[in-house]
Amino acid sequence: MMSQNFLSTLTGSFAQPAMENPTGVVMEAAFKHHQLNWRYINCEIAPASLKEAAAGAKAMQWRGFNCSIPHKINIIEHLDGLGQSAKIIGAVNTVINNNGKLIGENTDGRGFVESIKDTIDPADKHIVLFGAGGAARAVAVELALAGAKQLTIVNRSIEKAQGLCDLIEQHTSAAASPVAWENTYSIPSTTHLVINATSIGLYPDVDATLDIDTTSITSNMVVADGIFNPPQTQLIQSANANGCKTVPGIGMLVQQGAIAFEYWTGIKPNIEVMEKALREALEIAD
Ligand code: NDP
């Protein structure tokens with residue numbers, strides 16, 4: 001009789017709230033497609049339980065886990081080491097269990113860079129980035145590491161924009177300047193890439209718009225949005241109407257998951273399978 005293996009390799013996610021997180025569906029579709037006997041367990045973990053959760057994942061020999069709100073920063077003290085960009089960004093969204101050593105990586109920014117790469121190469125580009133929160137930090141650092149020339153960080157809270165600019169100039173060769181977002185912002189005509197990394201436009205506030213002079217978004221610019229639900233945000237719609245090439249946030253979401261998948265399994269996953277599973281899970285038609 002052939003020996004059988006009923007033991008799955010475990011991965012998962014620690015977040016609070018966890019209920020609306022579709023990553024498990026996406027990962028399990030990829031595990032199935034690649035014929036891996038792996039599981040992804042979506043866990044609701046309160047901040048006070050994070051240490052025990054990390055220890056539990058280690059004890060159960062999980063191969064790794066994702067961290068989402070509110071654990072991306074606090075998980076670091078429970079890890080054994082950090083990858084290069086996670087160290088600069090100061091936040092972790094993917095943990096890899098290397099023989100009992102938990103290593104933190106951040107795939108959000110790399111996922112973003114991957115999602116735009118067929119549309120624009122960030123090297124030597126002038127970029128306007130709205131936001132200075134967790135997603136913006138990851139995106140800005142990876143764009144700078146990918147060779148961006150100049151980043152303008154436009155944010156409501158100027159201290160956070162300044163902090164992000166300092167971080168970029170300290171750790172990368174890109175130039176970065178902060179802008180306090182107090183009035184309607186006009187995109188400089190020399191800009192190659194415009195990115196929304198704020199939470200403006202996220203479902204259910206789908207009609208919320210960035211305070212931008214939309215006539216300053218011209219057809220030579222590429223416009224990307226971190227918001228993935230809905231994929232056709234107000235920003236993406238205006239940019240399309242102005243003749244720009246656009247990159248909706250669903251690409252970033254799929255790509256950051258694909259990089260985590262590859263960290264854990266060593267396999268480059270099929271992106272179409274992951275995107276199809278995500279669109280079905282979120283009931284996104286376009
Ligand atoms: P944070 O809470 O860390 O940051 C939110 C950012 O949005 C801050 O810069 C904040 O400005 C700004 N902001 C929020 N509301 C307003 C407003 N009304 N006017 C102006 N600025 C505003 O969140 P994250 O960075 O973690 O996430 C941001 C978005 O990115 C989320 O909507 C999330 O869905 C998306 N995201 C997408 C991913 C993907 O794979 N596609 C991955 C990760 C995140 P201030 O600093 O002044 O408060």
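The backbone N, Cα and C atoms fix where each Cβ goes, and this holds for glycine too.
Together with GLY131, ALA132, GLY133, GLY134, ALA135, GLY249, the NADP(+) site in TrEMBL holds one more listed residue from GLY104, GLY109, GLY226, which is GLY226. SER68 (shikimate binding site) falls within neither a helix nor a strand when secondary structure is assigned with DSSP, and so counts as coil. When Cβ-Cβ distances below 8 Å are used as the criterion, the domain 'SDH C-terminal' (249-279) is approached by residues 11, 22-23, 25-30, 33-34, 36, 38, 63-64, 66, 93-94, 96, 105, 107-108, 110-112, 114-116, 224-229, 231, 233, 285 of the same chain, each at least six residues removed from its ends. Note: ALA135 (NADP(+) binding site) has non-local neighbours ASP108, ALA197, GLY226, i.e. same-chain residues 6+ apart with C-beta under 8 A of its own C-beta.
Annotation: ASN93 are the binding-site residues among ASN93, GLY133, GLY249, GLN256 whose CA atoms are within 10 angstroms of the CA of LYS72 (active site, proton acceptor).
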